[in-house]
Structures are given as structure tokens and as C-alpha cells.
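As annotated by Swiss-Prot, active site, proton donor applies to 218. Feature annotation from Swiss-Prot assigns domain 'GH11' to 43-231. The N-linked glycosylation site annotation in Swiss-Prot covers 31. The annotation signal peptide is assigned in Swiss-Prot to 1-19 on the grounds of sequence analysis.
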């Protein structure tokens with residue numbers, strides 16, 4: 001499940017261990033108020049995927065360092081980490097689609113880390129990323145540059161890389177990784193996934209049947225905090241001041 005996997009091999013000798021079996025967790029819906037901040041915490045060793053407050057979530061860590069994944073109200077999640085190995089997690093949907101994702105929050109890595117829309121497909125088996133922000137390492141730099149796509153107020157460089165006999169959602173397999181990496185970093189805005197899918201197809205980068213699609217925080221040998229929420233159409237209500245993101249489940 002990890003993006004640093006192939007591309008960080010160009011920068012280090014680290015080999016990530018990904019795609020291990022998950023235990024399921026169906027978290028109860030929690031009514032959150034400003035005065036009653038109830039959180040469900042997942043510790044560094046608790047690799048899992050499931051649903052929480054109407055959203056799909058996935059969390060994986062190799063167990064290194066100190067890292068805590070916290071699922072909050074509605075679509076919100078947060079991660080705090082210090083001197084970690086490798087981890088990736090977030091909230092979103094299952095299956096993935098060409099939806100327009102609105103997200104926001106804060107993301108402040110010290111070292112290698114990034115914030116991305118992250119997902120998988122099967123037939124073909126593809127791991128994909130739309131990277132919105134990153135720390136000290138550009139995760140696309142170890143791949144083959146295919147071109148660019150301009151969408152959602154920015155330009156993204158498109159890369160492809162290959163993982164050979166590496167762990168995946170279907171065990172040890174050989175598969176490709178698709179990347180769109182935003183040239184001007186940001187934390188917050190709209191990501192029109194269909195525009196990336198269309199651009200990838202033009203470069204011969206075809207997807208299969210979608211598995212999950214999350215807005216993920218990932219880190220590798222780094223530290224930092226991340227506090228993110230994800231939404232789709234309901235974001236417009238927040239923009240008009242009718243509700244806040246804490247009140248909305250989309």
C-alpha cells in the first residue's frame with residue numbers, strides 16, 4: 001500500500017512491506033459537537049481497513065517509530081508521527097470513481113511525507129496517486145515522466161513506475177504505479193479524479209476495476225502532524241457558511 005515503495009528505492013535502500021491482510025473494523029457513528037470531541041484511535045500496530053462514520057478508511061504501518069492514526073467526526077482523520085518507518089492511511093470511499101473530491105486541513109511533514117488521493121484497481125492491478133503536497137522528496141522523481149495534466153487550478157507531472165514481485169492488495173505481484181504530482185504544492189481544494197484518469201489513458205496508462213480511493217497521509221523516516229477532512233458535493237454547503245465540515249458527512 002505504499003507509494004514510497006518503488007520510488008524511494010532510487011533514493012535509499014529501503015524496501016517497504018505492503019499489502020498485508022487487514023482486520024476489519026466497523027466504527028460506530030459518533031455524534032460530535034465542538035464541546036464533545038470523541039475520537040476513535042488506531043495505534044501504530046493496528047493495521048486495518050473498514051468503515052467509520054459513513055466513510056471507508058485504510059490504515060497500514062510497518063510498526064517503526066511512533067505513529068497514531070485518529071478517526072474523528074464525519075470525514076475527518078488525523079495522524080501524528082515521529083521518527084517513523086513507513087505508514088499510509090486516510091479516509092475516502094470504496095470503490096473509487098472519477099468523483100471530484102474536496103478536501104482540506106493541515107499537513108506539515110518534517111522529512112519524507114506526502115498528501116495524496118490514493119487508490120488501487122484490479123485487472124490490471126494498479127496502485128495510483130494524485131499527490132497534492134509532499135515534504136523533502138518528490139515521489140514521482142523515480143518514475144518515467146509521461147507528460148502533464150492541467151486541472152483544478154494547477155499542473156501535475158504524470159509518471160509511471162513498475163513494482164516487480166512486490167506486496168500488493170492481492171499478495172506478491174508485479175504491477176504498475178501511476179502518479180500525478182502537483183507542481184505547486186497545496187493542502188486543500190478540489191481534485192477532479194476523472195481528469196487524471198482521462199490523462200493517464202491518453203498516455204496508455206489504463207486502469208481496471210476500482211477498489212478503494214482515499215485521501216491519504218503517508219510518511220517514511222520522518223515526523224509531523226496531519227489533520228485532514230474529505231468531502232464531495234456537500235463541500236458547497238460549508239463554503240456558503242450553512243454548516244461546518246465537522247457537521248457534514250458526505
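Any Cβ shown, glycine's included, is placed from N, Cα and C.
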Kindly state the mean pLDDT of the domain 'GH11' (43-231) in the predicted structure.
95
Across all chains shown, how many C-beta atoms besides its own are within 10 angstroms of the C-beta of residue 218 (active site, proton donor)?
28
